[in-house]
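To keep things clear, I will list the structure first and then write my remarks on it.
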There are 2 protein chains.
Amino acid sequence: MIQPRTLKGFRDYLPAVMIPRERLMETARGVFRSFGFAPIDTPTLEYLEILTGKGSDETDRQIYRFQDNGKRDVGMRFDLTVPLARFAAQHIGTLGTPFKRYHIAPVWRGENPQAGRYREFVQCDFDTIGTESVLADIEAVAVIDSLMQAVGFDAFTISINNRQILTGLLNYLGLSDQSVVILRALDKLAKIGRDKVADEMMKVASIDASKADAVLRLADCQADGDNEAVLDALPEITGGDETAAAGIERLREIFRGAVASGVSPRRIHIDVSIARGLDYYTGVIFETTLNDLPGIGSVCSGGRYDNLAGLFTKQHLPGIGASLGLDRLLAAMEQLNLLPDAKKAAPVMVAYFDRNRRDDYLQLANQLRRAGIGVEVYHEPKKLGAQLKYADAQGFMAAIIAGENEWQDGRVQLKDLRNKSAVDVDYRHDAAEPLVAAIGALIQGTSSCPSA
Amino acid sequence: MIQPRTLKGFRDYLPAVMIPRERLMETARGVFRSFGFAPIDTPTLEYLEILTGKGSDETDRQIYRFQDNGKRDVGMRFDLTVPLARFAAQHIGTLGTPFKRYHIAPVWRGENPQAGRYREFVQCDFDTIGTESVLADIEAVAVIDSLMQAVGFDAFTISINNRQILTGLLNYLGLSDQSVVILRALDKLAKIGRDKVADEMMKVASIDASKADAVLRLADCQADGDNEAVLDALPEITGGDETAAAGIERLREIFRGAVASGVSPRRIHIDVSIARGLDYYTGVIFETTLNDLPGIGSVCSGGRYDNLAGLFTKQHLPGIGASLGLDRLLAAMEQLNLLPDAKKAAPVMVAYFDRNRRDDYLQLANQLRRAGIGVEVYHEPKKLGAQLKYADAQGFMAAIIAGENEWQDGRVQLKDLRNKSAVDVDYRHDAAEPLVAAIGALIQGTSSCPSA
């Protein structure tokens with residue numbers, strides 16, 4: 001006998017977790033498609049040199065790698081960005097630009113598992129490649145807004161910044177060479193506070209207090225509900241630097257375009273303090289936080305980059321993209337009671353307790369399915385109590401009960417399994433409409449006020 | 001510069017392939033759920049001993065295997081059945097029985113790639129575990145029927161057999177010990193013909209000609225449209241053996257139950273010649289063939305097994321399941337022109353050629369999306385010709401064109417990109433209904449008669 005177990009850092013998804021997870025992915029796909037993003041997929045395994053080409057030492061160490069039977073050094077992808085770069089280098093000639101894709105797929109990292117982090121997890125990315133147009137930036141904000149709303153969130157904030165503004169300020173201050181270290185220090189602002197960030201800047205980047213203060217004054221410039229006011233104040237703070245000015249104007253275009261695209265201005269927060277550690281962002285960057293759960297961090301982040309696939313092709317491919325944090329979002333939905341209370345894939349169970357009527361139960365189930373209602377017929381003609389116990393444990397919303405008397409009378413009992421109430425509903429094989437309507441009302445009613 | 005390439009036996013999915021593929025998977029999920037099957041997922045990597053525990057030598061050799069950083073011997077799953085067995089052994093106590101799951105996920109086999117076969121491919125399985133009820137068998141047939149119809153097929157045949165019938169006959173003939181080799185020979189009937197199968201049986205199983213003939217008489221017993229007639233003839237052919245008789249009656253129940261569940265009797269073919277090589281099937285087995293493409297083989301196959309997880313638990317877990325051949329089905333749909341001609345995720349492109357009206361284009365796009373219509377706004381205010389060329393190349397169905405005159409008049413031009421016709425449609429931001437209706441009609445019209 002072999003012990004059944006999963007590897008450390010890996011997990012099984014049982015239906016109660018997988019059902020909302022799958023719904024979330026379907027919702028995301030629908031939103032991506034509605035903006036013209038198309039799905040792609042790439043192999044799990046890539047030549048190792050492709051994966052290690054761009055990565056930092058840390059991600060390199062985390063790659064699951066081995067030699068295949070053909071003695072090739074291969075690795076399992078650790079994100080969807082490197083495969084996209086390789087994919088774009090190979091196929092962009094066929095696909096043309098702009099190329100808009102989404103990709104929802106698992107990635108693997110052999111890191112030490114921590115609470116809520118696994119060695120296998122799903123990434124959910126969308127990108128527009130091959131254009132520097134501000135329209136692609138605006139669209140990214142609109143996609144995030146639509147995603148969050150489609151998933152069921154109302155109270156969220158999309159924070160937007162443009163890297164060019166800080167780049168311009170550093171240029172004005174003569175600190176362009178130290179931009180990476182300053183950016184890393186600034187990224188810690190929310191965590192360690194203003195003074196410690198200033199200390200770090202002075203120490204690591206060897207800049208004086210006044211320059212550190214100038215950088216932090218930029219970060220201090222908060223919108224407080226009036227994004228246009230911040231945009232108006234920024235030129236002075238950045239000393240009139242041209243790069244910064246262009247970045248500010250672009251940010252204004254993105255803000256206004258997003259509002260024209262239907263994004264509520266109260267959901268947008270121009271926040272010049274966000275930096276996002278990754279070095280490859282060069283333009284607009286964004287983060288998305290939940291107003292009721294700010295502590296969990298950003299659930300959808302991304303930004304604009306200058307050149308996606310420089311390692312694989314000479315073709316210059318600027319782009320913009322973002323990644324939806326699927327697991328984080330699901331955890332938040334659970335905490336905020338936003339997950340539909342659906343343990344079961346189908347809402348209705350047909351009880352089966354008269355063997356002679358089996359074909360009648362089957363026919364009834366078929367009719368409900370044709371009307372779009374998911375139905376399971378209980379598998380054995382056991383006692384009703386056992387069947388209802390199963391229905392409860394499995395999380396069905398309703399049960400349909402019919403014995404010989406009901407069949408002869410042309411009716412069935414429809415039992416609401418949440419509140420245990422039951423009603424008789426007319427039903428014959430040639431007249432299913434009243435039952436379809438009654439189930440529809442029951443499902444509607446309970447799903448809007450689930451018993452948690 | 002690193003050469004961008006994929007590993008031998010692996011492939012990228014470009015949008016033109018991925019769009020129908022993703023739709024097919026969504027359709028399958030919808031059908032599974034409508035019968036109460038719930039999704040699960042399991043890790044890509046498993047302890048190697050779990051994967052090699054049940055496999056044949058051949059699959060063992062094909063497993064992608066390596067040592068992870070913790071010096072554990074691990075492998076990538078080569079099917080979804082072994083992980084299901086491991087999963088069931090671990091979780092069935094929590095989940096209860098019957099447990100109905102579907103699982104759509106990639107698997108990996110390091111076999112030598114042939115035409116149309118890859119080292120990474122998606123399996124699409126559904127199983128009901130923990131019940132011997134005939135209802136589960138009936139349901140499996142109904143699921144296959146619904147799947148095939150939902151995908152768009154009308155002319156298909158679900159062939160059904162019950163292993164018990166042959167088991168009973170072999171018992172009657174005193175050949176029970178040779179059942180595996182006889183089964184393997186029988187499996188080749190369609191390929192090599194009656195005489196060669198008889199030869200193989202006599203040679204490999206050392207049986208005499210009369211017994212080989214008795215086995216083949218069973219296989220000869222074809223339905224030719226009258227399934228009940230075959231069921232009536234079988235008891236005599238199987239010499240009145242009790243196991244066979246029970247198997248025949250069960251097959252009759254499945255046939256009648258499937259018809260009660262809405263499966264057209266003309267789509268069911270009781271075929272006692274199908275054997276399916278896999279040794280672990282013990283009851284009903286089925287295959288699904290396309291009437292217009294019989295040569296591609298079965299697109300959905302499966303059957304009943306006695307005990308799923310004997311390697312991992314003492315708990316007896318009988319079950320029934322089947323696997324949809326996603327890639328084979330997609331290839332068939334392409335051959336039969338059943339694939340929707342959708343290269344693009346969204347059907348409508350909004351042309352963008354007046355920069356001052358950018359926010360108007362964005363607002364229009366947002367309104368159409370809210371009405372459920374996928375829209376992409378072209379990314380740059382280029383010449384109209386360039387935009388329409390892009391729209392054609394990308395496979396959009398329609399383009400919306402509006403310049404300053406149109407905006408002032410409260411109308412836009414709606415261009416059907418298939419037949420190049422164009423109409424003017426009233427549109428204002430506060431009156432989008434006529435445009436929504438016109439696009440709806442255009443999409444409906446063209447999708448029912450795609451220009452191939």
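Each position is counted from 1, following the chain as shown.
Positions of Cβ are set from backbone N, Cα and C atoms, glycine also.
L-histidine binds B:Asp79, B:Leu80, B:Thr81, B:Gln123, B:Asp127, B:Arg276, B:Tyr280, B:Tyr281 as TrEMBL records it, and from the list B:Arg61, B:Arg65, B:Arg109 the residue named for this site is B:Arg109. Averaged over the domain 'Aminoacyl-transfer RNA synthetases class-II family profile' (B:1-347), the predicted model reaches a pLDDT of 92. Other C-beta atoms found within 10 angstroms of the C-beta of B:Asp79 (L-histidine binding site) number 17, with every protein chain shown included.
Residues listed for L-histidine, B:Asp79, B:Leu80, B:Thr81, B:Arg109, B:Gln123, B:Asp127, B:Arg276, B:Tyr280, B:Tyr281, cover a largest CA to CA span of 22 Å. Following the DSSP three-state reduction, the secondary structure of B:Thr81 (L-histidine binding site) is helix.
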